[in-house]
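Quick notes on the structure that follows.
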Amino acid sequence: MSTGKFVCIEGLEGVGKSTNLAFITDWLFRNNIAHVVTREPGGTPIAEEVRGLLLSKRPEPVDAMCELLLVFAARAQHLNTKIRPSLEDGLWVVTDRFTDSTFAYQGAGRGMPLEQIAQLEALVQQGLKPDLTILLDAPAEVGLQRATARGELDRFESERLSFFTRARDVYLDRAAASPDRYLVIDATQSLEAVQREIAAGLERLT
Ligand code: T5A
């Protein structure tokens, strides 16, 4: 059996990742493609516990290197016990966020060197990267307004606007550097227009 496709949806807070993940899941069902839908940080019981550590607000300041290593610790568990085995079984794996989030948030946001993140990526992923990363792009203000309207903010959502502006720039730089692996979609468009572009991107992968 051939390996499945690895698809990731990325972008800043509130750009519509969860909303469009539901659309992708529906598209996969309609096209009879066996798949697994997952998320980062998280995706397995241990990795979900790490997610809880990462997202919850706490009195103790979180060291940026500690945060970075926690992200990759969760990713190692997720990748080796869920993503890789699923791909090897021929399933498509669709994940809400992956390593681009680390370059954007821990790299651009927190200021951790991008070369160090690339080293951890190589160590943990051993060359595995998404076949397609759908980047929902919008100015940071747009998504933050949507996230704020939803209620209480988590530890990342409470960051300043400049954190997300830097993160957006890194997302766009990475997409521009590997245009064959990224589909950048203007997430300020109507949901229908966004989903037409997502469907076209998925078609090209089949
Ligand atoms: N993180 C994660 C790191 O720091 N490093 C890492 O390596 C990883 C993997 C995870 C947090 O962890 C951080 C980043 C994150 O802060 P999360 O909950 O997975 O948190 O991610 P969030 O971005 O916080 O998820 P959100 O639920 O806030 O955003 P979504 O999923 O992008 O947005 P969604 O779909 O809930 O949509 C928000 C609202 O907008 C509307 C929707 O209906 C909804 O109401 N909407 C639109 N409205 C108009 N037009 C459109 N085109 C719309 N699209 C959506």
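Glycine residues also receive a Cβ, built from the backbone N, Cα and C atoms like all the rest.
Now, the feature entries from TrEMBL:
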BINDING   Gly11, Leu12, Glu13, Gly14, Val15, Gly16, Lys17, Ser18  ATP binding site
DOMAIN    9-198  domain 'Thymidylate kinase-like'
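Sequence features annotated in TrEMBL and their locations in the structure.
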residue	record	contacts (Cβ under 8 Å, 6+ apart)
Gly11	ATP binding site	Lys17, Leu135, Leu136, Asp137, Ala138, Gly143, Tyr171, Ala187
Leu12	ATP binding site	Ala104, Ala138, Ala140, Gly143, Leu144, Phe164, Ala167, Arg168, Tyr171
Glu13	ATP binding site	Gly143, Leu144, Arg146, Ala147, Phe156, Glu157, Phe164
Gly14	ATP binding site	Val142, Gly143, Leu144, Gln145, Arg146, Ala147, Arg150
Val15	ATP binding site	Leu136, Asp137, Ala138, Val142, Gly143, Arg146, Ala187
Gly16	ATP binding site	Leu136, Ala187, Leu191, Val194
Ser18	ATP binding site	Asp96
Model confidence over the domain 'Thymidylate kinase-like' (9-198) (mean pLDDT, whole number): 96
Cβ within 8 Å of the mean position of the Cβ atoms of Gly11, Leu12, Glu13, Gly14, Val15, Gly16, Lys17, Ser18: remaining residues of the chain near ATP: Leu136, Ala138, Gly143, Arg146, Ala147, Ala187
Ser18 (ATP binding site) in three-state DSSP notation: helix
Number of other Cβ atoms within 10 Å of the Cβ of Lys17 (ATP binding site) across all protein chains: 22
Conformational class of Gly11 (ATP binding site) under the three-state DSSP mapping: strand
